[in-house]
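Structure first, then comments.
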Protein chains: 2
Amino acid sequence: MDSRGHSNGRELETKEMDIRSLSSSRNNTQCIHKVGVPPKQNLFKEFKARVKETFFADDPLRTFKDQPKSQKLVLGIQVIFPIFEWGRSYNLTKFRGDIIAGLTIASLCIPQDIGYAKLANLAPQYGLYSSFVPPLVYALMGSSRDIAIGPVAVVSLLLGTLLQKEIDYHTHPEEYLRLAFTATFFAGITQATLGILRLGFLIDFLSHAAIVGFMGGAAITIALQQLKGFLGIQKFTKKTDIISVMRSVFEAAHHGWNWQTIVIGVAFLCFLLLAKYIGKKNKNLFWVPAIAPLISVILSTFFVYITHVDQKGVAIVKHIEKGINPSSVKQIYFTGDNLLKGFRIGAVAGMIALTEAIAIGRTFATMKDYQLDGNKEMVALGTMNVIGSMTSCYVATGSFSRSAVNYMSGCQTAVSNIVMSCVVFLTLEFITPLFKYTPNAILAVIIISAVINLIDIQAAILLWKIDKFDFVACLGAFFGVIFASVEIGLLIAVSISFAKILLQVTRPRVAVLGKIPRTTVYRNTQQYPEATRVPGILIVRVDSAIYFSNSNYIKERILRWLADEEEQKKKAYSTKTQFLIVEMSPVTDIDTSGIHALEELYRNLQKRDIQLVLANPGPVVIDKLHASNLANLIGENHIFLTVAEAVSSCSPKLVEEA
Amino acid sequence: MDSRGHSNGRELETKEMDIRSLSSSRNNTQCIHKVGVPPKQNLFKEFKARVKETFFADDPLRTFKDQPKSQKLVLGIQVIFPIFEWGRSYNLTKFRGDIIAGLTIASLCIPQDIGYAKLANLAPQYGLYSSFVPPLVYALMGSSRDIAIGPVAVVSLLLGTLLQKEIDYHTHPEEYLRLAFTATFFAGITQATLGILRLGFLIDFLSHAAIVGFMGGAAITIALQQLKGFLGIQKFTKKTDIISVMRSVFEAAHHGWNWQTIVIGVAFLCFLLLAKYIGKKNKNLFWVPAIAPLISVILSTFFVYITHVDQKGVAIVKHIEKGINPSSVKQIYFTGDNLLKGFRIGAVAGMIALTEAIAIGRTFATMKDYQLDGNKEMVALGTMNVIGSMTSCYVATGSFSRSAVNYMSGCQTAVSNIVMSCVVFLTLEFITPLFKYTPNAILAVIIISAVINLIDIQAAILLWKIDKFDFVACLGAFFGVIFASVEIGLLIAVSISFAKILLQVTRPRVAVLGKIPRTTVYRNTQQYPEATRVPGILIVRVDSAIYFSNSNYIKERILRWLADEEEQKKKAYSTKTQFLIVEMSPVTDIDTSGIHALEELYRNLQKRDIQLVLANPGPVVIDKLHASNLANLIGENHIFLTVAEAVSSCSPKLVEEA
């Protein structure tokens, strides 16, 4: 590109070119240009370029170029610990923003953490632990300025479901906890490995549509789980599908519901929803819904403490371990069967956690217009979870709701996470005993009001409007989660996403082109009904790379267009088709099967006295046409730069029939 | 299309159109055309069209259109039993061709069948059984005129390996045989089901490259297995990888090789290879290699009989059960664990058998220029194997080598299969005892000389020349088969094939376009170095549908081109980029993630004062742009029919800098 950098003039226009002038049928004179064959590249170079484009598409080493060694070391440290980069320009104004944001998300995260730990079938302190260490690690290594780190609802539910399937937390709490740490460890390893191997693009395979459905389903599943705390039910199913849960709820209806619990629950749910509504109506009051959960906790705890309703069956938190995270290195399973189980669970939970964190990171990076390196983020999140697993934390990631609050409270850097972490530290050290009388119903209510945000009906409607297939993927994931389980929903989502890609590759569109009046432009006759077909010439465009998975279909589809055309012709007594022009612009690549299919097409057409003509094959395609000698078979003079040139060259050769 | 069938004039050209004339920068005047929005289709219709294109791409019901009911019944029977279609025009001339071809392939198939049955660890008669019933069924239902049905080497090896992994044929011969019939039954069910559900395109997912490698590897593995018979080794490994086999061979070197066997083997191998060479040199002598195997069998059997070398350690066939196929319905496992095993093995073997048969069918159909309905073929092959499994046959399919001989001997219809079947019937009824003294070495030699053809070095070289990635897939399958096992090789082949599709979808090319001098054509500057860039305007082309799997990449890649451009500009002090034109011609589809990515790109560009302009979005894309309201956001006046029009509209608006 360097040599063409200063190409602002038309000086190249006078360059000698291989031009064969031919008189065209309609226009006065036109130049026929040769299709360019890109310069033959060194095999190794080509391979290197391909690898670079696949794994280093964002050119992460760009800043390292042409720098002295010492500078490279500094840059290297800054790459791994971005805090050294942004830390140097940190100032008091930024700190003011961060401290307000940090305090706000801390007030939101403390009650949520306790509730989310329950979703993962863990004691409440593990939720708080996970909001203490991971945010600190992320602040050092992460590059997003807005993300709020900690346990999140969906990952907690997923982890809880997967762990419960292996070990029952009622009968074997010790082993359950150990497996949870093992899974967290491997979630971190998975995340970091994906980042280091630059395989970050793998998370793109979970499509937006699938995520919308999955999140919506998970939100409903989580909300349903909260009915236990909300209604004060003692015996509750361990399954998560809607049918089991509803059966559990109605079976408990006669004797298992506790009216005092329900009253507390309903009252505070109204309070939280009102706060949410106020926050939505007036963007300046965003802090109202943010601190409402903490206020609910304080008020309800105080209420239970003075009224002693806990003796009337209102379930309370009872006990939260005091003090900061103990070490859990020795609790991780590094051998045996549980290692494998932990790895499997961790890999799934880690991927979902990544998907959520990267989506959040990208959203806010776009809003504030800064770059985010997905692979670097993965390394940061992975390291954070590995360290977390050794300090009694379970899988932490970026939280949608808290990150939004963080952003709106005016956070400037990851320092807001450090502030939050400090508040959680103080809570763990001093305040946990105060949570003793907090009713479980409040935690349930807080979770319900938090996960409601995950149900994005607007997005689903947009999916329906834009792409029906995406909508089906969304519905599939949604119903999979609520009627089967989180894993099944996930599996459905991924399968549908893949099926879509494969379908497009297997059955690409093949369109018939016509000439748009008063131009030399040829376009799809379905899209442009005014486009006219050229008699005696059939022009088709193949809308995909020609690969083994579609080469047969494309060949047969083209022949079918031809058959249709012939049938049409027979009725109208018009000129027999003598040229078949294949517009190759959208054909970005062709493989050996594709070359074979083209060759078969050519031979088949020859038998019918129809000449195959190619228009505008791309660099890769023309290269392979030459390598396979097919270009010679078809004839160089039957390969044109544009459809217009192909038509103007073919038209005079048409033989009129009697 | 009906309304445009007679579009041989330019009468449409005078049609009223929405044209906004704008003076262009270089040409005198040019029309700016609106991008067509295809007429809104009924959702159900669209869905129906999509389903039809996916599953009924070949329009199989075309002939049924506008026919009376009775005629439809006749046509229906003819569809299921094509023999009623071609049988009506059958005559003596055709029969003469068929009988010669039938006799030739019979002489080739009998010794092969006995050998192939050994590959599947079955007694020799099962090979002959499988050449008796299946060809008859196929003759009734199949539509290929050239395929020769029977057991084939690769499927026999695959079946043998898979079965042996479940049940040992030495210790449990009875159960082994039963599982073989069960697998055959489910192979047939799988094949027929794929055909009935019109999922035939699934076999296209095994790419040509993968098949070349897989076949080559299987051929070498099969040849190596023959060393047992060829060298007269008694104790031989049951594994199929090259390392185990070679160790087995060399361990037996000191005492296990039998020199008499080797002499017979070498002599007849030379004879067969010579016959092959003659057949290759002179196409008229194709029958020499075709009957050479039978001659070898006769000569060697006679030789052993008179010299009594079988008492000196030359292994002989000893016993082939006399009489035609006994029923085996009761031997198929319809319950229990073995049902599942049989299903799994059958599904794999059935798919491979299908791939081989369809590839052969298509090849010869193209050569003789007739249509072959893949899905119908699958139903025929499936029914044939289901019936086969009930009559003591194992998986049969089309054989490469015998089909080629069939074609060259001048076969006209599937009657040649019936002739072959009759000869096999006579063999089973009368001649089997004569095979008693046939040395195993001869069978080994016949198999070796048959599978040599499967090693297609020419094809591998072509793969290397045309597509390096295909070559890697080929090598992967090849080495997987010879160093691990048939299944591993198959798995590698399928994985690499899929990886290729996904890679293309994940990392599509994004090219920068320039104007080809003296035209209004814009092309990839890498392919056309003479193409000049337009100052102040960056033109990029996205070479793929924009899906969730690549939307982020495409957005970031475009922004990277822009960053490169800006850097370039800074050095050259040229005009700042003010327009980014995205050529959308190759973008065949876009999903919600893609729409989001475009929207983010638009917003990002806005912040830098760069206008996003789209050129030639296709019908699906423009539809979705409108549905998502993105078309309005970008502005209808920034969406053009061609890049040339976009440029000529943008150029006058460029603001020159000081």
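Cβ coordinates are placed from backbone N, Cα and C, and glycine is handled just like the others.
Away from its own ends, the transmembrane segment (A:147-164) comes close to residues 105, 109, 112-113, 116-117, 119-122, 127, 130-131, 134-135, 138, 176, 179-180, 183, 214-215, 218-219, 221-222, 225, 238, 240, 345, 348-349, 352-353, 356-357, 360-361, 364, 384, 394-400, 402-403, 405-406, 414, 416-417, 420, 447, 450-451, 454, 485-487, 490 of its chain (Cβ-Cβ under 8 Å, at least six residues beyond either end). Per TrEMBL, transmembrane segment is recorded for A:147-164 (among others).
Within the chain, the transmembrane segment (A:176-197) has long-range Cβ neighbours (under 8 A, six or more residues past its boundaries) at 55, 120-122, 126, 159, 162-164, 166-169, 203, 328, 331-333, 338-339, 341-343, 345-347, 349-351, 353-354, 374-390, 392-395. Annotation source TrEMBL lists transmembrane segment at A:176-197 (among others).
The transmembrane segment feature in TrEMBL is assigned to A:209-227 (among others).
Here the transmembrane segment (A:257-278) has Cβ contacts under 8 Å with residues 229-233, 285, 288-289, 292-293, 296, 299-300, 303-304, 309, 312-315, 439-442, 444-446, 448-449, 452 of the same chain, all six or more residues outside its ends. TrEMBL lists A:257-278 (among others) with the feature transmembrane segment.
Look at TrEMBL and you will find A:285-306 (among others) tagged as transmembrane segment.
What TrEMBL records for A:343-365 (among others) is transmembrane segment.
Among the features that TrEMBL reports, transmembrane segment is placed at A:377-397 (among others).
Away from its own ends, the transmembrane segment (A:417-435) comes close to residues 98-99, 101-103, 105-107, 109-110, 113-114, 124-125, 128-129, 131-133, 135-136, 138-139, 147-150, 297, 301, 317, 320-325 of its chain (Cβ-Cβ under 8 Å, at least six residues beyond either end). According to TrEMBL, the transmembrane segment annotation covers A:417-435 (among others).
As annotated by TrEMBL, transmembrane segment applies to A:442-464 (among others).
Residues annotated as transmembrane segment in TrEMBL: A:476-499 (among others).
Summarised as a single figure, the pLDDT of the domain 'STAS' (A:527-650) averages 87. The domain 'STAS' annotation in TrEMBL covers A:527-650.
Same-chain residues lying 6+ beyond the ends of the transmembrane segment (A:442-464) with a Cβ under 8 Å from its Cβ atoms: 111-112, 114-116, 118-119, 153-154, 209, 212-213, 215-216, 218-220, 222-223, 226-230, 264-265, 268-269, 272-273, 276, 293, 296-297, 300-301, 317, 400-401, 470-471, 474.
Under the criterion of 3 or more C-beta pairs below 8 Å, with sequence separation of 6 or more, the transmembrane segment (A:209-227) and the transmembrane segment (A:476-499) qualify as touching. Long-range contacts of the transmembrane segment (A:476-499) within its own chain (CB-CB distance under 8 A, at least 6 residues past either end) are made by residues 154, 157-158, 161-162, 205-207, 209-214, 216-218, 220-221, 239-243, 348, 352.
Within the same chain, residues 144-147, 152, 154-155, 158-159, 162-163, 166, 179, 182-191, 194, 200, 202-203, 206, 211, 371-372, 374, 377-378, 381-382, 385, 395-400, 403, 407, 487, 490 sit at least 6 positions outside the transmembrane segment (A:343-365) and bring their C-beta atoms closer than 8 Å to a C-beta of that stretch. Taking Cβ pairs closer than 8 Å, the transmembrane segment (A:377-397) reaches residues 80, 117, 120, 122, 126, 129-135, 137-138, 141-144, 149-152, 155-156, 159, 180-185, 187-196, 200, 325-329, 332, 346, 349-350, 353-354, 356-358, 361 in its own chain, all 6 or more past its ends.
If one looks beyond the transmembrane segment (A:285-306) by at least 6 residues along the same chain, the residues whose Cβ comes under 8 Å of a Cβ in the stretch are 104-105, 107-108, 110-112, 264, 268, 271-272, 275-276, 278-279, 314, 316, 405, 408-409, 434-435, 437-439, 441-442, 445-446, 449-450. Applying DSSP to the domain 'STAS' (A:527-650) sorts its residues as follows: 63 helix, 21 strand, 40 coil.
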